[in-house]
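Colleague: Structure provided below as structure tokens; questions to follow.
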Amino acid sequence: MPKYRSATTTHGRNMAGARALWRATGMTDSDFGKPIIAVVNSFTQFVPGHVHLRDLGKLVAEQIEASGGVAKEFNTIAVDDGIAMGHGGMLYSLPSRELIADSVEYMVNAHCADAMVCISNCDKITPGMLMASLRLNIPVIFVSGGPMEAGKTKLSDQIIKLDLVDAMIQGADPKVSDDQSNQVERSACPTCGSCSGMFTANSMNCLTEALGLSQPGNGSLLATHADRKQLFLNAGKRIVELTKRYYEQDDESALPRNIASKAAFENAMTLDIAMGGSTNTVLHLLAAAQEAEIDFTMSDIDKLSRKVPQLCKVAPSTQKYHMEDVHRAGGVLGILGELDRAGLLNRNVKNVLGLTLPQTLEQYDITVTQDEAVKKMFRAGPAGIRTTQAFSQDCRWDSLDDDRAAGCIRSLEYAYSKDGGLAVLYGNFAENGCIVKTAGVDDSILKFTGPAKVYESQDDAVEAILGGKVVEGDVVVIRYEGPKGGPGMQEMLYPTSFLKSMGLGKACALITDGRFSGGTSGLSIGHVSPEAASGGTIALIEDGDTIAIDIPNRSIQLQLNEAEIAARREAQEARGDKAWTPKNRQRQVSFALRAYASLATSADKGAVRDKSKLGG
């Protein structure tokens, strides 16, 4: 029988000092012996996806204490990728994932907590907490802040839905008037919550639900809706049950590594491909799998991407649907239900409620459930009122969207495309693979060949795009922006948005060893591995080289013979200690970022730290 970890600090005469300090936090004699459960919050006023979380930790803590546990809350950092985008701040986004994971480990292990409730929401916070949870392998439940309502405004006598990306594109489009740009900016992000499309934050919260580590509805129920409060109340109660099951009944099925098994990871990736999720999810799932000691690789993702269709299309791939529409159509379990009927899921998995996948679908798939309370929950909709308050409205759709032929979520028979929303490409400068969000690529450019325009920083590429130096047919290559080379693997949302604003969204390709925001669409290929700074062939591409992209055949090729590539590699090596570094880039890199870069691996490994350099 496992011993409560917290007993290390609460039992025995030699722990009198620790107990004295626990008493100073409000604990009494009756608390010593109860499970101590960490409430891992991420409230900050910097991030709309987290601005409403301040009181939600207290909500969870009250339920933990009412259920027989002791709750202790702490906070992690949280970076807003949208605000950090397009300047030096983006260098810090991906490294913050590792800091978050480490800080959770530090706090939980330093104080011997027995279990956790993770209150996350946005881009690097959910992955960081997920990595920590699988590293620690103690009972955990995730409950996120929820998606933002879609922005809405009237343009050309028509009400349209908006998000952050629309504001960025219109702000850079010289053909858009100042008045219209201002109108879109003010309408794009109306409430608290994670940005309203299938961007990285919402993608990861959906995948956490598919992994079984959060409750049904967690990935799609709006941040502003009163129904979301119940998820927090349930999490506080349920975590005590899971904790006691493990420590008092020796039930290892309560542990996250047994819930988020390899089968669950495959299901999560299958969901991601079917819903056209952010390419960042690939990076984060690979990293989380390593923490769980699961053999889940780019090869597994490639195999899944070749057989899973696209069953859901959401912004930024279409303006028609946002997360509020996904929820109305049944949310994550609506998509999983269709995938299950298509025979594409592993059914032998369980979630934090202890339900198998078939049991969960029977109760929560809107196309089969008889539970009226579940149907009511999935009718939770937007109010259209600007607010930063959680649970501030209780509006509902008049009906569910259960139209699997023409609705937001489709059945296999009526799939948006036979090929899924993500694909892995391989070639002579992406030997270990690269990722493209096919859900956002127009059919006319699934095959694309053109001359390279090479830039060694995102800033130079943006200047060239806005300066008219990139023209129709070009393949923009942005390198030395990988985990090690950036450092920090910047997102390239501004270059892709500016290509659209210049009328080149369907006329150019963009390739990088960096990554893309979940808000990116178009022929945008990222995560090229190995990256330039690690000796990747992408570092050898020159202006004018021909690059051929063939998404249907999963191929990307630099059209040079092997002898020429070898000669360029030899010339690069001859640069000595300057080899595999940008030639003319002026970038101040802090000591903290240099420390991150010294251990960073390429994207095909999840951009995690190279344990071999630490003797592990």
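Note: Cβ is positioned from N, Cα and C throughout, glycine not excepted.
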Colleague: From ASP80, ASP81, ASP163, ASP166, grab the residue that Swiss-Prot records in the same Mg(2+) site as ASP123, LYS124, GLU491.
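Modeller: Only hit among ASP80, ASP81, ASP163, ASP166 in Swiss-Prot's Mg(2+) site, alongside ASP123, LYS124, GLU491: ASP81.
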Colleague: What is the interatomic distance between the Cα atoms of CYS195 ([2Fe-2S] cluster binding site) and ASP123 (Mg(2+) binding site), given in whole Å?
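Modeller: Roughly 10 Å, rounded to the nearest whole number.
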Colleague: Between the recorded positions CYS122, ASP123, SER517, whose Cβ has more other Cβ atoms within 10 Å than any of the rest?
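Modeller: Buried the deepest by this measure is ASP123.
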Colleague: Near the Cβ of ASP81 (Mg(2+) binding site), how many other Cβ atoms are there if near means within 10 Å?
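Modeller: The Cβ of ASP81 (Mg(2+) binding site) has 28 Cβ neighbours within 10 Å.
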Colleague: Can you grab the distance from GLU491 (Mg(2+) binding site) over to CYS122 ([2Fe-2S] cluster binding site)? Cα atoms, rounded to a whole Å.
Modeller: 15
Colleague: Rank the binding-site residues LYS124, CYS195, GLU491 by how many other Cβ atoms lie within 10 Å of each Cβ and give me the one with the fewest.
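Modeller: It is LYS124 that, of the binding-site residues LYS124, CYS195, GLU491, has the fewest other Cβ atoms within 10 Å.
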Colleague: Could you measure between ASP81 (Mg(2+) binding site) and SER517 (active site, proton acceptor) for me? Cα positions, answer in whole angstrom.
Modeller: 8
